[in-house]
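K.L.:
Here's a structure for you.
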Amino acid sequence: MTAEQRRNLHAFRDYVRKILDPTYILSYMTPWFRDDVVQHIQAKKNNKGPMEAASLFLQVLLELQEEGWFRGFLDALQQAGYSGLYEAIESWDFQKLEKLEEYRLLLKRLQPEFKTTINPEDILPEISGCLLNQECEEIIQISSNKGLMAGAEKMVECLLRSDKENWPKTLKLALEKEESKFSELWMVEKGAENVQMKDLEDDEMKTLDVHIVYKEEPESQNLSQNSCSSEVPPTYSPLKPRNYQLELALPAQKGKNTIICAPTGCGKTFVSLLICEHHLKKFPQGRKGKVVVFAVQVPLYEQQKSVFSEYFERFGYKVSGISGETADNISVEQIVENNDIIILTPQILVNSLKDGTIPSLSIFTLMIFDECHNTNKHHPYNMIMFHYLDQKLGGSSDSLPQVIGLTASVGVGDAKNTAEATEYICKLCASLDTAVVTTVRDNLEELEEVVYKPQKFFRKVESRTTDRFKRIISQLMAETEALAKSIFEELGTVTLENLSRIQNRNFGTQKYEQWIIAVQKACMVFQMPDKEEESRICKALFLYTSHLRKYNDALIINEDARMKDALNYLKNFFKNVRAAGFDAIEQDLTQRFEEKLLELEGISMDPSNENAKLKDLCFILQEEYHLNPETRTILFVKTRALVDALKNWIEENPKLSFLKPGILTGRGRTNQTMGMTLPAQKCALDAFRTNRDSKILIATSVADEGIDIAQCNLVILYEYVGNVIKMIQTRGRGRARGSKCFLLTSNADVIEKEKLNICQEKMMNESISRLQGWNEAVFKEKIHQIQIQEKLIRDSQGKVKPVVDKKNKKLLCGKCKTFACYTADIRVVEECHFTVVRDAFRECFVTKLHPRPKKFGSFDKKAKIFCARKDCLHDWGIHMKYKTFEIPVIKIESFVVEDVATGVQTLYAKWKDFNFEKIPFDAAEMSPWAQDLNLQGVDGLE
């Protein structure tokens, strides 16, 4: 600790006082703070509040003379989650925190309205990333114990202390998602530096005049003149299309169904605007067109909705949209009826066609499929086109909409030669009912001036020659496997087939993960005469395989990132294990891990164990930023865990920390982590577009398809490879002239796969050229024959209806095998939800308040339900209010189905796969308890 650092900390102490609750970091400061000092600070918070406690904390801190306290303080901030304060003190730059001050002032003034209008439990899941974990828990606890208004007050208190620079914007998104009236008061400009606070009179509250606009990052420079501007222009300036864009649009403007295949970055979105505008203007007075635009991912949907709205609302056209995020509370029928252009995620239309909300595709005059290469198998795009083709081939007299597909690559499937590739593309054309594939041919020179194809480099690196971390973890895995096997030694002839096939499984691989899943599935249908013993064994095997899965995950992280990241992943897991039930098996497994922990920590901190891949990645990044300090990078990786690991590595690497990495991952949940929420994805994209300090975005596959990101000149594929479509799209993220694309891998097969993709791209281009030379009538007849053949197959498959099994069956808990109900007790609510009407079923489960309660349609999702056995607590589903009834809604994957007569047990992943007699819900059957049921067991599970 230098004198200068001490002076700086004293000078900037007011920032610390406003943000820090010292009680959250005291546990990390025990080497420097005596117990009586800790108690004094805690008492100060209880009596005077966190700001006074922070003042006392700083006073004690600045008087310390022991070595290492300043670094310890910084580490404590980072560990507790004070990332903004940590960054500010580390660099002695408090500008980002200073910009938050005006939002704090605004929130203080709006606090009375906030606490009376906001349900903190509704928006907490969306803004939790801007708060500390302990703060989130306190908000939930206060809301539960003292009421929602007290919870809202606590939320305001926590937001006022938040050091996350994006919290004002994240709060805005959360309020808009919940359609809160308070959203109209909480206004933030995109880029806080442009926000001007007006003088507020004491007796009159005014608010900031604010707009949040998520604009598409232009695929072409003529779609927007300034991609990073934080100001929204007052009027839309018409843009002049380039010649190659007019060439791409021409066949569609002539009314032909068309697939437009053009490279990422050329402005296909602008081409679709030109086509849409021409289409809507061609209708005579008294008639109107209706356009539907599909986007496969929600962030892409948001992007398209923004672009189409900005472009067309100046003409007086009405633009709206629906995605899975907004569908619950919006009438699809009204949106379609009342707008000229509708942006949809495709499953919305699939559902609406199925339930009759949208009776026919004839209501539309133009359908635009973005990323149309997805039109195959059971993708929603194909489901929509099945309706189209059934109407076309069925001889209907109703008109059909024009079809336009957009893609950077149509792909070639498994084609081995140009003839097979041509056949594959013909099938895609048949699926989209188009005999025209448009590419740029006449204006190639102009296209090449706009779209630069980055240089591709392959970099093979060696894995660690010796890996003591892997050896120790593998030893722990072998011990855990042996414990699982030992369960069966006492049972003699009884065995579990998948458990006997442990050998020859490589630890730290996807194949091992698949083996774990197979064992768990086999365990769920494993049977013994003694049901208590059966339950004990199944529970034990679940515990052993869950631990094996975590060890396997850690080895995968270790392979591609630092040992330190893999070890932290395991430490967090065992910390959570200790905090839960922690039975005898878990205690034993935890002890085995902790016995190796000291050795593992020593190994993970040894510089000689550095991952060679990371050395090479570091070299590439240093070299590229040395050549061009303004380089903008997208780093693609396979998993979310690797995204987090590489972000930590970059931030902690003094050679790379200046890159200030952002992250972008998918929204779905994996076994390990929750995905990014939609607001978090929006904020990540927006921050990378507008924040020039953030020079690298670490992303999973969510960023390789369609979502427009700021122009990058460096794309790195880190052990990341897919098919030819993925290759073209990931490479296409590097758009600036002089762009480079690196594939970094230790696996020679990965490089060979990528070289194969390059060959397939060449084959695809040759096949498209071949098709473009065909006579159009011949092409149309070819796809017509494919359509007839595919419909015959589809119809024959549809006629085979499964036989309904009317025999009564038991549902047993999938984890402990406790009896839950009979199939005769199950009723179907609104065709897709399954509830149990037997009175005794309520004794079989306990509930816990749902972390994301939500209302949709006639349903009010309130709680989650779990097996009532205290040593099990297996997740069974959710608890809802349906109209006036409180009902449990169960998920079939949580249960084992047992035939009453034979005892045979079966697993089902989805209700549609279980062909039992499905009886519709009837209110007359419901017992009085279902109308006023209190949620029992909540406190026991908190």
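Positions of Cβ are set from backbone N, Cα and C atoms, glycine also.
These came from TrEMBL, pasted as-is:
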DOMAIN    249-428  domain 'Helicase ATP-binding'
DOMAIN    613-779  domain 'Helicase C-terminal'
DOMAIN    795-928  domain 'RLR CTR'
BINDING   Cys813, Cys816, Cys867, Cys872  Zn(2+) binding site
K.L.:
Pull the DSSP breakdown for the domain 'RLR CTR' (795-928) and write it out as helix, strand, coil residue counts.
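P.N.:
Summed by class, the stretch gives 23 helix, 63 strand, 48 coil.
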K.L.:
When a 10 Å sphere is centred on the Cβ of Cys872 (Zn(2+) binding site), how many other Cβ atoms does it contain?
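P.N.:
Result for Cys872 (Zn(2+) binding site): 19 neighbouring Cβ atoms inside 10 Å.
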K.L.:
Enumerate the residues of the same chain, Cys813, Cys816, Cys867, Cys872 excluded, that satisfy the criterion Cβ within 8 A of the mean position of the Cβ atoms of the recorded Zn(2+) site; list them in sequence order.
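P.N.:
The answer, listed by sequence position, is Ser535, Lys539, Gly814, Lys815, Lys817, Thr818, Ala868, Arg869, Leu873, His874.
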K.L.:
Which residues, sitting 6 or more apart from Cys816 (Zn(2+) binding site) on the same chain, put a CB under 8 Å from its CB?
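P.N.:
Non-local contacts for Cys816 (Zn(2+) binding site): Ser535, Cys538, Lys539, Cys867, Arg869, Asp871, Cys872, His874.
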K.L.:
Specify the count of other C-beta atoms within 10 Å of the C-beta of Cys813 (Zn(2+) binding site).
P.N.:
26
